[in-house]
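These notes concern the structure reproduced below.
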Amino acid sequence: MSTFGYRRELSKYEDIDEDELLASLTEEELKELERELEDIEPDRNLPVGQRQKSLTEKTPTGTFSREALMAYWERETRKLLEKERLGACEKDSEQEEDNSEDIQEECFTESNSEVSEEAYTEEDDEEEEEEEEEEEDEDDSDDEDEEKQNSAASERPVNCEDGRSSSHVRHKKCSNAKNSENLFNGHDGKDTENLSFKSSAIHPCGNPTVIEDALEKVRSNDPETTEVNLNNIENITSQMLIQFSQALRDNTVVKSFSLANTHADDNVAIAIAGMLKVNQHITSLNIESNFITGKGVLAIMRALQHNKVLTELRFHNQRHIMGSQVEMDIVKLLKENTTLVKLGYHFDLAGPRMSMTSILTRNMDKQRQKRMQEQRQQEYGCDGAINPKTKVLQKGTPRSSPYTSPKSSPWSSPKLPRKSAPAKSQPPAPAPPPPPPPPPPPPPPPPPVIPDKKAPTRNIAEVIKQQESSRKALQNGQKKKKGKKGKKHENSILKEIKDSLKSVSDRKSEEGSRPSTRPSTPQRSLHDNLMEAIRASSIKQLRRVEVPEALR
């Protein structure tokens, strides 16, 4: 029934003219019809990725302009690059960012998407031409006038973009001027040094160190500056770092020198190595996150062979990889170093890593032993300072004992009448009695009695040797007798049974074994006696006996 109903519905459209329907459709409806037909039956000649209709074609919902956003991103990236290379001032950057944000907001709110696309395409061409002219002429006023004339005929978004381009040009000129002031060429002498001071004094990082003042303090050997911290000062030049290392050669106060993330290179590392050979006061050095290669690191390691004070060295996270050869050379150079305790570097190879840990543990153990020795010496020194007082007290303390001793001891009675005549108030005279106590120490002489006991041991050894020689003679005689008996009873079965019951020593003697180098053992034993009794007896003569404890 369903098929009949479906055919009836189709029969309604048999009389309809398709050409008239297509002629009555509008352009939008025709486009929609084409899309539907493409979805139903796509073109087989197209690749699979292009047969599906585009699902990203949507009408813009706001006043967004892609070209304006791309131009803004390009300007920001240029600003960041200029800041990294030249070290632009913080104030100028903040003002320019505020101006660019205001201009960007106006452009986004006042420009339509379609109009802005056409306008910005024209603006891009104009900006390129203007920048080329500005680079050649370097005249700000003429460029601004040309921008105003070119933008007068265009719409407001064009004016907005021209304003932004002019601000960008101003920023570029300002940065070029700063570049000419701050760059250090190395050919200007004192003027270039002053310019380098200006460039390094102004830095956007969070390090509050003033480079000029710090360098002056290091050169003047200021007793208050025990640490020089130049971390994260990115716009400091390598020449300034070399000057710091040269100033530290004669400094005797600074204990810590750190210049992490300062773009230091091998030249700075070589200067630091020369400083470490001379300076014997710096205990901590930090050169992490720089551009130092294996050449500079090895130069510092060679300098440590002449330095016996540095205890901490950090050079991890360099721009260039050290490599396996450099790591092995580092370990070789630090084998003889006995002061380095902390090393801030992660070795990639397991061999150098393990050997370096053993070196550091060895150095820590040596320093611990030194501390223990110093403590002991201090304790002994304190005891030595106290000993004279104790001796005086000991001399004074026995004076209290003689007061009671003369009343009872016979020694003091004859001495009192002799010394009582010159002065009665001289009880210290009995001080000699303390020597009598030393006689008790003579009991230690008993240890010499030990050598008296050794004398009889020699006699015992001689007796033992005589006994062994007699036993050997007996054994040799027995061996000869047993050999004769064995020859007589070779063919008898009874002899084989008896041989099976013989001991190992008897078998070896019969077979003519070589004499052993070991000391001779007693010939007869309980086992041998038992075996002889068994051989000489018969079954009738045997009787039951208890097994001795030695054989249980």
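Using N, Cα and C of the backbone, Cβ positions are placed for all residues, glycine too.
Per Swiss-Prot, region 'Interaction with tropomyosin alpha' is recorded for 1-47, and the stated evidence type is similarity to another entry. What Swiss-Prot lists as region 'Interaction with actin 1' is 1-169, and the listing cites similarity to another entry. Sequence annotations record features per position, and here Swiss-Prot assigns coiled coil to 13-46, 86-151. Summarising the annotation, Swiss-Prot assigns region 'Disordered' to 33-67, 87-191, 364-531. The feature compositional bias 'Polar residues' is assigned by Swiss-Prot to 51-64, 514-524. If you look up Swiss-Prot, you'll see 93-108, 115-147 marked as compositional bias 'Acidic residues'. The region 'Interaction with actin 2' annotation in Swiss-Prot covers 170-498. What Swiss-Prot records for 364-377, 489-513 is compositional bias 'Basic and acidic residues'. Positions annotated as compositional bias 'Low complexity' by Swiss-Prot: 398-415. Annotated compositional bias 'Pro residues' per Swiss-Prot: 425-450, in sequence order. Feature annotation from Swiss-Prot assigns compositional bias 'Basic residues' to 478-488. Annotation comment: Swiss-Prot describes 526-545 as domain 'WH2'. Annotation source Swiss-Prot lists region 'Interaction with actin 3' at 526-545.
Broken down by DSSP into helix, strand and coil, the region 'Interaction with actin 3' (526-545) contains 11 helix, 0 strand, 9 coil.
Distant neighbours of the domain 'WH2' (526-545): 498, 501-503, 506, 551; these residues of the same chain sit at least 6 beyond its ends, with a Cβ under 8 Å from one of its Cβ atoms. Sequence-distant contacts of the compositional bias 'Basic and acidic residues' (364-377), counting only residues of its own chain at least 6 positions beyond either end whose CB sits under 8 Å from a CB of the stretch, comprise 338-339, 341.
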